[in-house]
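Encoded as C-alpha cells, the structure appears first; notes follow it.
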Amino acid sequence: MTDSRLPLLKERSALKGRSARAWAGFAAAAVALFALAPLALSDFRLGLLAKYLCTAMVAVGICLAWGRGGLLTLGQGVFFGLGGYAMAMHLKIADAGPGNLPDFMQLYGTATELPWWWQPFANPVFALAATVLLPMLVAALLGSFIFRRRVKGAYFAILSQALTAAFAIWLIGQQATTGGTNGLTDIQGFFGYDLNDPINQRMVYFIIAAALLLLIALARQLIHSRYGELLVAVRDSEERVRFLGYDPANVKLVAYVVAAGMAGLAGALFVPAVGIISPAMIGIVPSIEFVIGAAVGGRASLAGAVLGAIGVAWAKTALSEEFPAAWTYFQGLLFIVALAFLPGGLASLVGMVQRRRASHASEEPSPALPVGEAA
Amino acid sequence: MVAGAAALAAAVALSACGAKTDAGGSSDKAAKADTSGDTVKVGLLNSLSGTMAISEVTVRDSLKLAIDEINAKGGVLGKKIKPISEDGASDWPTFAEKASKLIREDRVVATFGCWTSASRKAVKPVFEKNKSLLFYPVQYEGLEESPYIFYTGATTNQQIVPALDYLKSQGKKSIYLVGSDYVFPRTANKIIKAYAAANGMKVLGEDYAPLGSTEFSTIANKVKASKADAVFNTLNGDSNVAFFKEYKSAGLTATSMPVVSVSIAEEEVKSIGSQYLAGQLTAWNYYQTTAGAANTEFVKAYKAKYGQDKPTSDPMEAAYTSVYLWKAMVEKAKSFDPEKVKAASDGITFDAPEGKVTVDGASQHIYKTARIGKIGTDGLIEQVWDSGKAIKPDPYLKGYSWASGLS
C-alpha cells in the first residue's frame, strides 16, 4: 500500500517510520507471547492460546494470498489438513512403537502391516519436511494448473472449496487407514516428549509462538519486497501487469504456495497442541472460518489478519463458554457488524485514524484509499 | 532486541525439560475435582449447535431432569449437584477443548455426555490424562473399554446382534446395508457381515452416504433392485428423512422389505414423519412405551418439565440412568474420587425406566435388555420382541466365535 503520490523524501521517511513501528510491534508481540501470556494464563488457557496461534499462522498466509494477492483462498483446510495428518501419522507410528500398528488400524483395519503410503512417515525428518513441503507441492501443482488457465475470482474460490470438500470426504471414507471421521486421536508423545506433561505442553506453545513470529517476519519481508509490490499490482490490475511483461500466473502461484506451506505448518503444530486432527478441521466450514478471522481483523494488514484470527477464535471459546445455548447467534452478529461497518476489517480503523491525523497536520489532500478493498 | 532474544531462548530452554514418553508416570498430574463446598459440579458435554444438536439437546434435558430430581431429594453425599453445560458444537476438537475446560477450570467431579463416536474418541484421551470420569449414554460400535468412561448405552451384542437374531428368526435370508459414512456404521456393518457369513445370510449390498447427505434416489433404487429380504439401516440424523422418502417413492414398504434402524428413536420418528416409517422396525433397549412403573414416572416427569409433545427415547433414558448410576456408585464409595467410584461400580443396580440395569465393573458397561420395536402411525414405537433378560455387555464380542476375526 505504498502511496506513490507522496514526494520521494516523504515516502522514505514514512518507510523508516513504518519500519520502526513494525519492529516495535514485533517486539511487543514477542514480549506478550513469551513473557506475559505464560505468566498470566493457566495451563489450560495457554493450551487454547496455542490453538488460536495455529489459526493465526494460517491467517498470515491468507493475508498474503487474499489480502495482497486477491486470491480468495477458501480451501486452506486442505493444506492445514495435509500438514496436520503428516505430523499426526508420524506421531501415531511413534506412539505405537516399532512393529506395532496404530490403535485405530488394529480396531478398524484388516491390514497386518502399515500401508505403503504410511511407511515414509515413520521417519521423523521425512514427516517434518512433509508437513510443509507436501502442502506446497499440492498447491504448486494445483496453482500452476488453475492460474495458467486464468481461473480467478469466484471460480477460484469455488474450486478451492470443492477441493477441500473432496479431501474431507476421501479421508472419512478411508476409515481403515485414516481413522475416518474420528481422525487421528489420542496422540501421546511428541518426538520422545510426553504430551501429558504440562511442561511439555508449554514447550509446544513456545514452539508455536516462535513459528508464528517467524512466519510474520517472513510474510512482512515478502510484502515489502519488489515481489510484494508486484503481487498487489496483479491483484489490482492483472492485465496491466501482463502487458508490462510479467507473468501474473507465476506471481500468484508464489503467494498461493507460500500460503499453503504456512497452513501446513500450522496444521502440523496444531496436532501436538490439541492432540487430534480430524476431517472436522478440514472441511468447508473450518476453511471458511480461517478466512473469516482474517477478514474481521483486516485481510490486507498482517497485524490485522493475525489479531483477527486470534480474536475470532478466542471469541468463539469465550462466547460458547458463557452462552452454551446461544453463542452461535452472537458469533454471527460479530461477523455481520465487523464486515458491514468495516469492510476492510478492524485494521482499517487504524488506517482511518492515521489518515485523519495526517490530513489535520498538513492541509494536503488525503491520500487515495487503497484500491485493494475492492478486490 | 538481543536481550529479548536471549530471554526468549532461555525461556524455551527452561521449559524444554519435561518428561520423556518412556519415563512412566512420574508425578500425579490429574486435575483434582473440587468437592470442598456444599455443592459439587458435574459437566454436561453435549452439542447444542451444529448437526447433532437436535439429538444431543434432548440428552442434555434428560440429564438435567435427573440432576434436578436428585437435588430435590437432598443431592449426593449431602451435596447438591451443580451442572455446568458446555457446547461441543458437533465438532470433535471442540469436544476435547470443552472436556478439558470442565475438568481443569470448573473442576467437575464427573462429566456426562457425548453422542457420536468421533466425539467420544476425541475426549477419551482428555479424561484418561486427567483421570476424570465420563458417562457416555449412547449405543455405539463397541471395541472400546476406557478405564475412565462408563458406557450406559448398548454395545453391539446388546443391540445389533439381537437385531440380527431377530431377523434370522423371522426367516430373513438376505439383507442390504445402508449407513452414514462414519465409524459406527462401518464398524457395525463389519460385524453384520461376519454374523451373516456364519449364519447363512447373504449381504446383497453395502452403501454409505456422507453424514448429512440427502441424496438417496440411487441408493433406494439399488436396494429395490437387490430384492433383499430386509434392510439394515445405520444412517444417522437428517439423512433418514431423505432415505425413507425415497424408499417409499421407490414403492418399497415395511411388508415388502422391512428396514431395521438402529439410530431412529422417538425423537427422530417425529421429525421424519410417521407416515414414512409406520411398520418399520427399530432395535433399542428402551422405548417410551416400555412397561414398568419406573418408566411411567420418567415419562411423566419429562413431559411435565419439557412439554407434553416431547417424546422420550433410548439415549435420553440411558443418560437419565447414568446420573443415577453415578450417584449410587458415589454413595457406595462414600467419595467423589474417580478411583474409588470406579472400584465401587461393580454390581451397582438401578431400577431404570428400561428395567433393572446392573453395572459390569470389569468392562464399565451395563447389562441391558435388547428390544425390537415396530413404529406405529402415532409416532410411538411398540415392542414386538425382547431378549427376555438383561444381556451381559461384551464390547469386544469375545463370546461369539464368528466375531473372532474382527478385532
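Yeah, the Cβs are placed from backbone N, Cα and C, and that goes for glycine too.
TrEMBL has this to say about the protein:
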type     : residues  : note
TRANSMEM : A:20-41   : transmembrane segment
TRANSMEM : A:48-67   : transmembrane segment
TRANSMEM : A:73-91   : transmembrane segment
TRANSMEM : A:125-147 : transmembrane segment
TRANSMEM : A:203-223 : transmembrane segment
TRANSMEM : A:253-278 : transmembrane segment
TRANSMEM : A:290-315 : transmembrane segment
TRANSMEM : A:327-350 : transmembrane segment
Long-range neighbours of the transmembrane segment (A:203-223), counting only residues six or more past its ends (CB under 8 A): 22, 26, 29-30, 33-34, 37-38, 46-47, 49-50, 53-54, 56-57, 60-61, 63-64, 68, 190, 193, 195, 231, 258, 262, 265, 269, 272-273, 302, 306
Tertiary contacts of the transmembrane segment (A:253-278), as residues 6+ beyond its ends and Cβ separation under 8 Å: 47, 50-51, 54-55, 57-58, 60-62, 64-65, 68-69, 71, 73, 76, 79-88, 91, 128, 131-136, 138-140, 143-144, 147, 179, 181-187, 190, 195, 201, 204-205, 207-208, 211, 215, 219, 222, 227, 231, 290
Close approaches to the transmembrane segment (A:48-67) from elsewhere in its chain (Cβ under 8 angstroms; 6 or more beyond its ends): 33, 37, 41, 73, 76, 80, 201, 204-205, 208-209, 211-212, 215-216, 219, 222-223, 231, 255-256, 258-263, 265-267, 269-270, 273-274, 289-291, 293-294, 297-302, 304-310, 312-314, 317, 372
Positions on the same chain near the transmembrane segment (A:125-147), where near means CB under 8 A and six or more residues out: 78-79, 82-84, 86-87, 89-90, 156, 159, 163, 248-250, 252-253, 256-261, 263-265, 267-268
Contacting positions for the transmembrane segment (A:327-350) when only residues 6+ beyond its ends and CB under 8 Å are counted: 292, 294-301, 303-305, 307-308, 311-312, 315-316, 319-320, 370, 373
Chain residues outside the transmembrane segment (A:73-91) and at least six past its termini with a C-beta under 8 angstroms from it: 58, 61-62, 65-66, 118, 121-124, 127-128, 130-132, 134-135, 138-139, 157-161, 163-164, 167-168, 171, 178, 183-184, 187, 189-190, 256, 259-261, 263-272, 277, 279, 281-284, 286-288, 290-291
